[in-house]
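For reference, the structure discussed in these notes is given below.
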């Protein structure tokens with residue numbers, strides 16, 4: 001099933017049609033396309049699903065023909081958050097497509113793990129075990145397989161997980177709660193131990209994230225400092241996920257390490273772009289916007305695009321906007 005094969009005439013809702021046109025138009029500013037995407041994501045993720053859910057999923061998938069790796073990777077992420085099997089064929093196709101950008105394929109594989117359906121195991125295992133695939137694809141599929149197996153296991157039912165402040169479906173759940181108070185040094189040790197499975201290390205990562213939110217939690221700064229050490233990990237995939245978590249947390253203690261990651265020209269593009277977007281979510285802190293503007297002409301396209309989106313997000317933060325999204329009014333939607 002081709003992501004571009006959906007028929008726009010099937011999409012009757014004028015709001016979805018308008019958002020789809022913005023999202024798929026290469027002449028629209030990137031920030032506006034991202035806002036359209038997040039509006040569609042809201043509709044695609046509604047639980048229980050409504051009559052707008054499937055058209056919204058199809059509208060998101062229609063933009064996989066874009067040349068923008070940044071946009072396509074965000075499409076995949078959004079589809080992975082839908083909890084809807086209608087997203088599976090689009091994501092499976094992108095994950096397998098070796099012509100697609102590696103960052104986009106990685107995000108599609110991660111999204112299949114987030115959806116948690118066992119139908120995806122065959123594809124993910126094949127990619128994980130294919131030595132011709134880039135390391136980031138193999139590592140992503142390794143984590144995604146473990147997540148799906150965990151999602152469908154009896155062991156999961158026995159685990160007690162801390163209630164998270166975050167509604168995102170993550171590549172791994174946090175470590176299960178124990179009778180004793182969580183020890184940040186112990187969790188940090190798991191986070192940084194490269195001999196352990198990536199899935200377990202990701203569980204430590206998300207456990208630390210949850211100990212860092214809200215930012216005035218007594219454990220928050222120490223948890224952020226522990227996470228920051230992960231930005232020195234040998235795995236680019238791991239480093240990029242640390243930056244993503246920092247974007248969720250919006251904790252000022254992460255600004256120095258994010259700035260260092262973005263400024264490092266030898267760092268992987270997927271890490272630098274995630275650092276840029278994370279800084280965008282911290283845009284109301286002094287000096288952050290100035291830092292981002294330095295990279296508007298970066299040699300790497302995905303970094304330039306991320307800075308554009310990050311500055312757009314920072315502008316929304318400054319203006320006190322409730323949600324980073326595009327809401328067409330009735331007149332525009334009907335146009």
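Cβ coordinates are placed from backbone N, Cα and C, and glycine is handled just like the others.
What Swiss-Prot records for this protein:
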type	residues	note
BINDING	73, 74, 106, 107	Fe cation 1 binding site
BINDING	240, 241, 273, 274	Fe cation 2 binding site
REPEAT	71-97	repeat 'HEAT-like PBS-type 1'
REPEAT	104-130	repeat 'HEAT-like PBS-type 2'
REPEAT	200-233	repeat 'HEAT-like PBS-type 3'
REPEAT	238-264	repeat 'HEAT-like PBS-type 4'
REPEAT	271-298	repeat 'HEAT-like PBS-type 5'
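Within the same chain, residues 139, 166, 168, 171, 198, 201-202, 205-206, 209, 212-213, 215, 220-221, 224-225, 227-228, 230-232, 270-272, 274-282, 285, 287-288, 291-292, 295, 303 sit at least 6 positions outside the repeat 'HEAT-like PBS-type 4' (238-264) and bring their C-beta atoms closer than 8 Å to a C-beta of that stretch.
Residue 274 (Fe cation 2 binding site) sits 11 Å from residue 73 (Fe cation 1 binding site), taking the C-alpha atoms as the reference points.
Taking the Cβ of residue 273 (Fe cation 2 binding site) as centre and 10 Å as the limit, one finds 29 other Cβ atoms among all the protein chains shown.
For the repeat 'HEAT-like PBS-type 5' (271-298), the residues of the chain that approach it from at least six positions outside its boundaries are 70, 103, 231, 236, 239-241, 243-244, 246-248, 250, 252, 254-255, 258-259, 261-264, 304-315, 317-318, judged by C-beta separation under 8 angstroms.
Other residues of the same chain near the Fe cation 1 site, with their Cβ within 8 Å of the Cβ centroid of 73, 74, 106, 107, are 69, 72, 75, 76, 77, 103, 104, 108, 110, 111. Separating the Cα atoms of residue 240 (Fe cation 2 binding site) and residue 73 (Fe cation 1 binding site) is a whole-number distance of 13 Å.
Other than the site residues 240, 241, 273, 274, same-chain residues with C-beta atoms no more than 8 angstroms from the centre of those residues' C-beta atoms, the Fe cation 2 site, are 239, 242, 243, 244, 270, 271, 275.
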